[in-house]
Amino acid sequence: MIYLILTSTLTLATTWIVPRNLLWPSSILNSILISVISLNLLNNHSTSLWHNLSLNFATDPTSTPLIILSSWLVPISLIASINTIQNHNHINQRTFISLVFTILTALILTFSSLELSLFYIAFETTLLPTLTLISRWGAQKERYQASIYFLFYTLIGSLPLLVSIIAIFSYENTIILPSIHLTNYITSLPITLTSIWWIFCFIAFIIKMPIYGFHLWLPKAHVEAPIAGSMILAAILLKLGGYGLLRTIPLFYTPSSLLLSPPATAFCIWGALITSIICLRQTDLKALIAYSSVGHMSIVASGIFSLSLWGINGALTLMIAHGLISSALFCLANLLYERNGTRTLSITRGFKMVTPLLTLWWTITCVANLGLPPTPNLIGELLILVAIIDWNTLSAPIITMATVFGAIYSLLILSSTNNSSFPQFLSNIQPTNTSEHTLITFHLIPLVFLILNPSAILIG
């Protein structure tokens, strides 16, 4: 674990040392090295609850897949950004790469931290680099408004989380997660106090995911962010909220959790349905993919709030699968944007006549996004569906409709980008190249691994 943290930190430092002509090759090679090192975490993934232990860091079956996902997608996001960022001067290029590696280091620290204070610091460290990526390298003037939305939503959610951590320390006299699980003093406190803690602790995570009702910052941030920002935001940063819920919900197995989880689950299911309907009315391709992320994260949150092992396993599986697929969708949307200069669905159409191989990638990613077998999305959604129906049979029609509308908008993306007639006023469309196909391929390789071995990310 320490080797992984040190490697990412040293890579961040070397970004400012290497010669200009070696900047991108060395950064990509270093990020690939981090990915290879992270794969070693799978060796003892299922042998014990905590492993790779040090004083403040450890991994377990919950954090290991998310660390590997973070490390895997950073080199892909760098390769996807080369065409855009190479037009800037070398200082801006070094700054951009440094911000990406800062986010990676903060993510590894967040997912491996045993202390709640270190978890909070690393959790909030991702804010500033992401904010800079959006405001500095966004495509349009609206990026400043998107940055303000992102900043204030995150800050509003962060303060209650900090108060919760301080309160936990004052009662438990420790903020180390294994120690809190052992003492379990919170369960003996009054239900009013634990209910307030429950709400304060989880509001930061449901904003970060986000679920419907706390999501207004996400479409703006996605639409205005550069491709690396969109890929990292969709694939990894949204999973911080889900990881926070998975980490802290065992601390609150109290009467308050049994009291507050049912309305939270119902709200998440309803939000998933509403968001799926909103997706059908979008005219911007990136906004549509962003709203689909809100819908998927609402389903993930409903699985976690169900407080069942099936729901938690389904949530973790869907988080990993959605991270890969949403990143691939944003990457494909960027490939079309680089060729026609717009994200409007009425213009971004008919590309199967110009780039037929991209149609294959669109088909695979959209099919995976709607959850057809044998994709991991189906496994996650089925596990959550079973957990929700077991929780309350009356919720079955709502979550089923949300899933059906999710399939409809996934097919809408595929149909509008490929099957319509190609606009006559567009000309000189560049053909795709090998590096672009390689990007999508490396998004799909982990999906094949999960199809062949889904138990790799399931918890006991």
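Keep in mind that glycine also has a Cβ here, set from the backbone N, Cα and C atoms.
Positions annotated as transmembrane segment by Swiss-Prot, on the basis of sequence analysis: 22-42 (among others).
Residues 4, 24, 27-28, 31-32, 34-35, 37-39, 41-42, 59, 92-93, 96-97, 100-101, 104, 107-108, 111-112, 137, 226-228, 231-232, 235-236, 239, 243, 316, 319-320, 323-324, 327, 331, 334, 338, 435, 438-439, 442-443, 446, 456-457 of the same chain lie 6+ residues outside the transmembrane segment (65-85) yet bring a C-beta within less than 8 angstroms of a C-beta in it. What Swiss-Prot records for 65-85 (among others) is transmembrane segment, and it gives sequence analysis as the kind of evidence.
Among the features that Swiss-Prot reports, transmembrane segment is placed at 96-116 (among others).
According to Swiss-Prot, the feature transmembrane segment maps to 118-138 (among others).
Per Swiss-Prot, the feature transmembrane segment maps to 148-168 (among others). Counting residues 6+ beyond its ends, the transmembrane segment (148-168) has Cβ neighbours under 8 Å at 116-117, 120, 123-124, 127, 130-131, 134, 175, 180, 186, 197, 199-201, 203-208, 210, 214, 216-217, 220-221, 251 in the same chain.
Swiss-Prot lists 226-246 (among others) with the feature transmembrane segment, giving sequence analysis as the kind of evidence.
Taken from Swiss-Prot, the feature transmembrane segment applies to 258-278 (among others), supported by sequence analysis.
The transmembrane segment annotation in Swiss-Prot covers 288-310 (among others), and the record cites sequence analysis as its basis. Long-range contacts of the transmembrane segment (288-310) within the same chain: residues 206, 209-212, 215, 218-219, 221-223, 234, 238, 241-242, 245-246, 249, 253, 257-258, 261, 264-265, 268-269, 271-272, 275-276, 278-279, 282, 318-319, 322, 326, 329-330, 333, 345, 369, 380-381, 383-384, 386-388, 390-391, 399, 402, 406, 409-410, 412-413, 459-460, each at least 6 residues beyond the stretch ends and with a Cβ under 8 Å from a Cβ of the stretch.
Remote same-chain residues near the transmembrane segment (315-337) are listed as 62, 65-66, 69, 73, 76-77, 80, 222, 227, 230-231, 234-236, 238-239, 242-243, 246, 285-286, 289, 292-293, 296-297, 299-301, 303-304, 343, 348, 351, 358, 361-362, 365-366, 368-369, 375-377, 379-381, 383-384, 413, 417, 432, 436, 439-440, 443-444, 446-447, 450, 454, 457-459 (criterion: CB distance under 8 Å, separation of at least six residues from the stretch ends). The transmembrane segment annotation in Swiss-Prot covers 315-337 (among others) and is backed by sequence analysis.
The transmembrane segment annotation in Swiss-Prot covers 357-379 (among others).
Feature annotation from Swiss-Prot assigns transmembrane segment to 394-414 (among others); the stated evidence is sequence analysis.
The transmembrane segment feature in Swiss-Prot is assigned to 439-459 (among others).
Outside the transmembrane segment (439-459) by six or more residues, the chain places 42, 45-46, 61-62, 65, 69, 72, 76, 79-80, 309, 312-313, 316-317, 320-321, 324-325, 327-328, 331-332, 361, 364-365, 368, 374-376, 379 with a CB less than 8 A from a CB of the stretch.
Tallying C-beta pairs under 8 angstroms between the transmembrane segment (394-414) and each of 118-138, 226-246, 258-278, 357-379 places 258-278 first.
Each of 96-116, 118-138, 258-278, 357-379 was scored by its Cβ pairs under 8 Å to the transmembrane segment (226-246), and the highest score goes to 118-138.
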